[in-house]
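Okay, structure first, notes after.
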């Protein structure tokens, strides 16, 4: 496969990974938490949240088959109440966010996710600069930026995973069941694609290895574009 073809494939993968990570950052379906249904003809409270806000949904339960099962699914009709976390909107009533120590997890996850997007922007600028000048010497720093973006995305995913586990384990919450939703899947996809494509772009941008042991990298024939 030619170097130009490899580069185009990597650019496409980077684009998909960047879109996935951006989608994960701006949406709030990282995880869904719910209590266990104990009685019927009453409402139960399921929540979904992301990096920036948490949404509670009050779902009316009237079917006996839901007793002993988690409240939900979240797609059932019900009254929705969303609030941004207090550390992003000072002074706002944050009773919806019942575990105060949880803020540190979301601050960390959100900040690291923003670092990931910043690295994506830097890598994109390097690629655009390289394409404008018709040279590929900027592909190596671009690949490093994209790989760093993938690492930051991975850390953000792990922080949010620990956040969910802590909310479930806390005695101050009613939620005992959880599952990770599509925003979390987007973040996982983003970190895998950005990390692997970033490393691949660095490798593609390196000089062609010599075919014979007595040659140096400078003596090797240039790779066909």
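Just so it is clear, glycine is given a Cβ too, placed from its N, Cα and C backbone atoms.
Under the heading transmembrane segment, TrEMBL lists 9-27 (among others).
Residues or ranges marked as transmembrane segment in TrEMBL: 107-131 (among others).
Residues annotated as transmembrane segment in TrEMBL: 143-160 (among others).
Taken from TrEMBL, the feature transmembrane segment applies to 180-204 (among others).
Sequence-distant contacts of the transmembrane segment (9-27) (same chain, at least 6 residues past either end, Cβ-Cβ under 8 Å): 50-51, 110, 113-114, 116-117, 120, 123-124, 127, 146, 149-150, 153, 182-184, 186-187, 189-194, 196-198, 200-201, 204. Same-chain residues lying 6+ beyond the ends of the transmembrane segment (180-204) with a Cβ under 8 Å from its Cβ atoms: 3, 6-7, 10, 13-14, 16-18, 20-21, 23-25, 27-32, 48, 50, 113, 116, 120, 123, 139-140, 142-151, 153-154, 156-157, 160-161, 164.
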